[in-house]
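J.: Attaching a single structure in structure tokens format; questions to follow.
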């Protein structure tokens, strides 16, 4: 298709489905700093966050989204990052907020980073799964993507699915599908719990700690209030995330997910019977693939 024809198609889709975000904006157009502004910087495709003893830093998107694919390249804090947490997540606001989390827990030099994932629905979380990374996330940028649609949420690392949370709302299990969420990033000190349950504290002689973000993309549905609940979930061509291919992982993707979980998962709330006194969350008995 010629370039001019592609532009016409894009304009036509925007006209009939105005809530769809077709243009992938960069950091400087999409996000702003929320705290620790004396540390952080946004320039074009790049966001840099810094943590020292005086403050961490954070940023968030200017608008909220409901469904789509949120993608970011991240290069984590190198060296002894014990006690630090780099967060990348989607969240609404209020006591009944929804949230989808990636959190990267710092380590002692030479130990693997831990990826902490969680999901909140209507203000309730306690759905943690944790993984060791199978590469050095401080040596180069890696792609971390949250794909969210009316059927399921999938966490990806370098295109490999590591976790799925499916929609069982029709069986009384809450699912985040009625609140727009902004994209947030932050770097902060959490040495009361982040590394070995708080046993290893932040070594401030290694400060300032720095994390770099690059190539932010939100190919997602713009949240414009309650009307977006149906608009963003409707099965129209522009809502690509609702197409059948995104309702389930492919056979190959299921194999990739099982490889990650078999070799690198270190905690799953659905197997923690002691924590829940045997009364396991309802979704734990449901298939997630």
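Glycine is no exception: its Cβ is also placed from the backbone N, Cα and C atoms.
Please treat TrEMBL annotations as automatic predictions, because they have not gone through curation.
Feature list, courtesy of TrEMBL:
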type	residues	note
DOMAIN	10-213	domain 'GH16'
ACT_SITE	99	active site, nucleophile
ACT_SITE	103	active site, proton donor
CARBOHYD	107	N-linked glycosylation site
J.: In the predicted model, what is the mean pLDDT computed over the domain 'GH16' (10-213)?
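T.: So the average pLDDT across the domain 'GH16' (10-213) works out to 91.
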J.: Could you state the CA-to-CA distance between residue 107 (N-linked glycosylation site) and residue 99 (active site, nucleophile) to the nearest Å?
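T.: It is 25 Å, counting Cα to Cα.
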J.: Among all the protein chains here, how many other CB atoms are within 10 A of the CB of residue 103 (active site, proton donor)?
T.: 19
J.: In the structure shown, which of the recorded positions 99, 107 has the fewest Cβ neighbours within 10 Å?
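T.: Minimum Cβ neighbour count within 10 Å, taken over the recorded positions 99, 107, occurs at 99.
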